[in-house]
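Asker: These came from TrEMBL, pasted as-is:
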TRANSMEM  E:6-23  transmembrane segment
TRANSMEM  E:30-50  transmembrane segment
TRANSMEM  E:76-99  transmembrane segment
TRANSMEM  E:108-126  transmembrane segment
DOMAIN    E:128-422  domain 'NADH:quinone oxidoreductase/Mrp antiporter transmembrane'
TRANSMEM  E:132-150  transmembrane segment
TRANSMEM  E:162-184  transmembrane segment
TRANSMEM  E:204-228  transmembrane segment
TRANSMEM  E:240-261  transmembrane segment
TRANSMEM  E:267-293  transmembrane segment
TRANSMEM  E:300-322  transmembrane segment
TRANSMEM  E:342-361  transmembrane segment
TRANSMEM  E:454-472  transmembrane segment
Amino acid sequence: MRLAAVLVLCAVFAMALVGTVWQIAGQPVGGTLPETVADAMADSGVDHPVTAVLLNFRSYDTLLEIGVLVIAAIAGISMARLPSLEDPELRTHDSLLHALQRWFLPLMWLVAGYLLWAGAVQPGGAFQAGAVLAGTGVLMRLGGMPMNFLQPRLLLRVGLALGFAVFLLVAVVSAAGGDAFLAYPEGMAKPLILLIEIFLTLSIAMVLLSLFVAAPVNDAREPAEGESE
Amino acid sequence: MSVHLLYAFAGAGVFTIGLFGMVFMVHLLRKLLAFNLMGSGTFLVLVGLAQHRNGVDPVPQALVLTGIVVAIAATALALVLIRRYFHLTGQVTLEPGSRDDEGHS
Amino acid sequence: MAEDFWLNPWLPLMALATSMVAAVVIFALPEERHGLRTGVNLAASLLKLGLITVMVWGVFQGLEYRLDFTMMPGIEFVLRADPLSMMFAGLSAVLWVLTTAYAVGYLEYSPNRSRFFGFFSLCVASTTGIALAGNLFTFFLFYEMLTLATYPLVVHRGTEKALAAGRTYIIYTLSGGALLLLGMAWLYAETGTLEFTQGGFVEGPLTPSLAIIFALLIAGLGVKAALFPLHGWLPQAMVAPAPVSALLHAVAVVKAGAFGIVRVVNDVFGIEFARDEGLLLPLAWLAAFTITYGSLRALAQQDLKRMLAFSTVSQVSYIVLGLCLASPLGMVGGLVHLLHQGIMKITLFFCAGNYAETLGVHRIDELDGAGRRMPATSIAFTIGAFGMIGVPPLAGFITKWTMGLGALEANMPWVVLVLLVSSVLNAAYFLPVVHRLWFRARERDWPEEVRWGRLETMSWLLWPPVLTAAAVVAIGVLASFQFSPLSWAELLVNREYLP
Amino acid sequence: MTSWLLDGLVVFMLLATAVSVLASRSLFRAVVMFIAFGMLMALAWVRLQAPDIALAEAAIGAGLTGVLLLDAVAHFRRGPDKERGGAS
Amino acid sequence: MMSWLMAGLLFTPLAWAVVSLLVGFRTGRWLSWVGMVLQVGASVALWFAVARESGFYYALGGWQAPLGIELQVDGLALTFVLLTAAVASACGLHAGVYLDPDKPWQRYFWPLFWFLWAGLNAVWLGADLFNLYVGLELITLSAVGLVALGGDAGALRASLRYLLAALVGSMAYLLGVALMYGQFGTLSLAGMSHLAQEYPGLEGAGLAMALMMTGLALKTALFPLHGWLPPAHGIARSPVSALLSALVVKASFFIAARLWLELGPNLGTLALAQLAGVLGALAVLWGSWLACLQPQLKQVVAYSSVAQIGYLFLLFPLTWGVTEAVSQQAQQGMTLQVISHALAKAAMFLAAGNLILSTGSNRVSDLAGVSRFLPFSLFSFGLAGVSLMSLPPTGGFAAKWLLLQASLNSGQWWWTLVLLAGGLLSAAYVFRIYRASFVEHSELDQFYHPPRRLEAIPMMLALMSLGLGLVAEPLLSVMALPFGEGG
């Protein structure tokens, strides 16, 4: 009964949505943004338009988005106890995974580095590189590597915040010179974007990895308000 | 009708499927999967519809990249919460036996 | 220089601030600082009395005080002193002094005095604000503030009964406030102003929406004025301590309602407009009915304070009825009753409180022989009761006489009949009490007697009723004196209304 | 024409995997279907000439999310008390 | 100067989030004090700057819209920035004393707090639909993190419910953004508004807007999508509840209001407007009614939020198809309602937290005797309650008065009944608390007396909400300032 009702509602919604898409596709108004982007590419400091949009034209979005990632990581590690990451049970004896690690990991590092570098001119960039790096970390973790830096200590927190902090500093330095917030000083766009991307890659990888590792076991709990301890 | 528009329609479909899952499913992990479907659908509509009018458009592509990162952040956080919740209560639904009223759109 | 002093526009605000500041100071004082608190209380109330006296003199000279400031687009906060406001402000200032003294004695040895006196001062501040309000909005502001500040006093004892009474009180008054707000907002939407204006600012012809607005405003105010059928909260609220019943329920709260009705009829709609469009006649009937109904209910009461409460229901409607006569003498009678009823009723409540505190007596049938045990209190009670009945030359007689003349002047002779019936009923429920006080011998012990040395009761408790009883006599006998309530009401009516 | 066929196929598969993510009775299967859905999304992004997103989707959407989800499913299977902290 | 202030305004919360992540709770506390001073200073300075001159667009990175992201720095936005500075500082100060610094997870409070603040500012100033989405997510995730922080199973359940609802809401909004971009080819709200005026009758865009509104309504907990709010706001630590009720739900509403005011005249319909109003009205009645029934103190306050949010949605019918003057009144009323509810509700939650701390219980019935021994905390609670009842001279009254005028002047008199009934119902639940506190329970003072600082903060907020009605005129005049270009 409930299934039927929800199905009917969803069907109605789907039809309305498809109709809306159809209508909008039929009568677009206004100018086109890609041309504006193409015109501004020369001033952006990079050659790949998506990277230019992400890290220059709409860099505020990206800044806040990294903030979202950091928040998720903070909320995640706030729940973690992580007693000992060197849990003996974690050590795998799977030889395939072992072999995979031996050969695969360096390759992944290489891929990540390439993706990062390539981002300036062609597809790729900090997110993809960070994700690959995090994937590498996950594999290492699954392989039983201790990865003590993932303990919720200062090192981890520095790692989480590093990319964001560098981004923020770059953003504010130009503003201190009287420019707008997040504006790159003339001619500095390319190196600054590269700098940001390097640190972002590290931090993104760290965030994703820590969320993976911060599987929550924490028996300590705060009593609800008004409940006595 | 361009290929982009086709994917936009596909996105509308995927979004609706995700919405259905979000409303109807009870298991938290399935809700989370449904949310990710909604996200993917939205991204398809965003790029598909924009490119239908503009041709290849770096702006929505960049937006989708941002959106994907936000979605993974939310997903990962939700997973941490769900697992901890499961650890404390042994439950994988919000309130067993009662329906959730999130997500009537 | 002197002129400037008399015309100082800050005077109304200062009068308001004295009790407001007193409230804040009292809240801040620790519970144990009884002496200091009493000092602050009395000093503030005397200061306020002084300020009001200055303003009364100024108004008498024909000055008008005004202070305004804009709060929202179109909404101003206006304090203004005109003869009508001085009447109410003066009443509350005089009675505040006496009631404070009375309350200090009444609440000796009981807990939560800091809270009590704090809210008490807030109530007086609200009453002053109501009196000095220069537009309907400002009036409403203080009207609602009065509601809130009274609640903690009603539930002061924290018993089930007190809490239940508090709930009834708040439901009635806040609903009334909502009606008033609706009427006010609508009125503003129709006319674009809320400023009290001599002769009213509503311009004819009478449209249905104007009639509904009138009904809404009167209903909203009628709750506090305890007009039938909106009076249900008043008898219940009598569970509050006697000073609260005395000042607030007999004087401040119900008078705020009655005063509001006077303001609405005179300064919003205009008395002539209201009369000519037939708005007043239904109100007059309602008031007449309430007068009779309240007296009948009072007849049936066994509890002294409840009886007094129903008597209040009845007496407050005199004010409304007098107003509705819309003739000069009728209005004078109604307005003067604003003061007369206050002083007479507070005397009666003080005495009731004294019987309860000193003898533990709450019910009428336990009063036998109290006149011998507490002669001063009983004399005061008797004077108050005779005043209520309308025995010449006491205050009540002046009211009834003037109103009767007014009714004839307005060609509404049935009102005279109402007055007569009411007086007979007044006599019917007051005389048995007086009889018990003086002419019945005591056969049992008092329920809970407390001895206070030489005097019949604590002197804090004794002097206030004695003074007010003396005032009941004085304002009756000296009615033609220049600053008597009657002369003031005449001045008011001559100067402002029905010129 | 072939390209339309290809696109049609991708779209159909997308919708089909999306439905089966929700319809699969077993949680594990649902997650596997979700990973497949992610891969198809990557393909779709290639078809939409968005290689950046395709890379990101493959790495993040399908890859990392998939691993996270699988880990969680394993956790649910073990039960609440045998949780050890971290992945396994 | 202006550009430095803007940079400071944007930079401070984010930077403080990072720095406080690196230190412990206690160090984070005094760091945060410094941050609050800076942030309040920047907000006040900007507010005065705008009040003296006029609003402007601030192009981030020097890229003008539609290519880049612009911030709309006008009187309304800055008023909200200022409100956020006031309320968030109060909550932060309260939290610094209220939270137990020895719990290991509390160190994460400050970073989440500052991220939340940054997200709120991003939303108030945002003029780019996608940027608003990112801002919303920033808010949502940090709010969820704060609710869940160190919580037990109940808190986790509440925060999960909150997270899922909020995610669905933002996805619906984002889908709407996608459709809008397909329609208009720009993400800038101002650009869209121009195009919508130029090409009337775009039905697709109208539906897209309805979709966005629905998503935002879910995030704002509009009846009947409010189910997630009371558990989340009720179970969080009191300073967090205060932040959530006072500010977080307002963010999504603010976006909905901006959208409606910019695009509504061309893309909205009468039905949509009236529907929003009806749901708002039902929220007022239903939320207040449920608030009267809750046995737990904080649940009462949380349900009261559901009701108070309902008033905000009267904006939609009262600005659609009415004269400019009426629309102006409704907008002013809405703004005042947001501000006064933010102040009053924050005060109320913080005071409730103090009461819970003192009585050791969250139950309404355990408040007996509070009026005798803890009058100060009760008084702050009571004053905040007066604003919720919208009695004069509070901000709540000013808001209600303007809404009453708007509904009477536009002939939509039925909303007046909702406004009045809502006021009475809110009195009912507020007086229920008073009543419980006046019960004489014991002669002995068995309560814990919280430090003065904890008690003073809600009192300040309550007094601000009380005095808001007195300064409504100057406040509203800043919001009505003309909007200049450049900056």
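The backbone N, Cα and C atoms fix where each Cβ goes, glycine too.
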Asker: Short question: most Cβ pairs under 8 Å with the transmembrane segment (E:300-322), which of E:6-23, E:108-126, E:267-293, E:454-472?
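Answerer: By the under-8 Å Cβ criterion, the transmembrane segment (E:300-322) pairs most with E:267-293.
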Asker: Cβ under 8 Å to the transmembrane segment (E:76-99), counting only same-chain residues 6 or more beyond its ends: which ones?
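Answerer: The answer is 9, 25, 29, 32-33, 36, 39-40, 43-44, 46-47, 50, 55, 106, 109, 113, 116-117, 120-121, 124-125, 237-240, 242-243, 246-247, 250, 254, 335, 338-339, 342-343, 346, 350, 353, 357, 451, 453-454, 457-458, 460-461, 464, 475, 478-479.
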Asker: Grab the same-chain neighbours of the transmembrane segment (E:30-50) for me: Cβ-Cβ under 8 Å, and only residues 6 or more beyond its ends, written as numbers and ranges.
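Answerer: Distant Cβ neighbours of the transmembrane segment (E:30-50) are 1-2, 5-6, 8-9, 12-13, 16, 19-20, 23, 56, 73-75, 78-79, 81-82, 84-86, 88-89, 92-93, 96, 110, 113-114, 117, 478, 481.
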Asker: Quick test of the contact rule: Cβ under 8 Å, at least six residues beyond the ends. What residues does that give for the transmembrane segment (E:267-293)?
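Answerer: That would be 196, 202, 205-206, 209-210, 213, 217, 222-224, 226, 230, 260, 299-301, 303-314, 316-321, 412, 415, 418, 421-422, 425-426, 428-429, 432.
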Asker: Of the listed stretches (E:108-126, E:132-150, E:204-228, E:240-261), which one yields the highest count of Cβ-Cβ distances below 8 Å with the transmembrane segment (E:162-184)?
Answerer: E:204-228
Asker: So if I exclude everything within five residues of the ends of the transmembrane segment (E:240-261), which remaining residues of that chain have a CB under 8 angstroms from its CBs? That is, six or more out.
Answerer: 80, 83-84, 87-88, 90-91, 94-95, 113, 116, 119-120, 123-124, 126, 132, 135-136, 139, 143, 146-147, 149, 169, 173, 189, 209, 212-213, 216-217, 219-221, 229, 232-234, 268, 298, 301-302, 305, 309, 312, 315-316, 319, 331, 334, 338, 341-343, 345-346, 348-350, 352-353
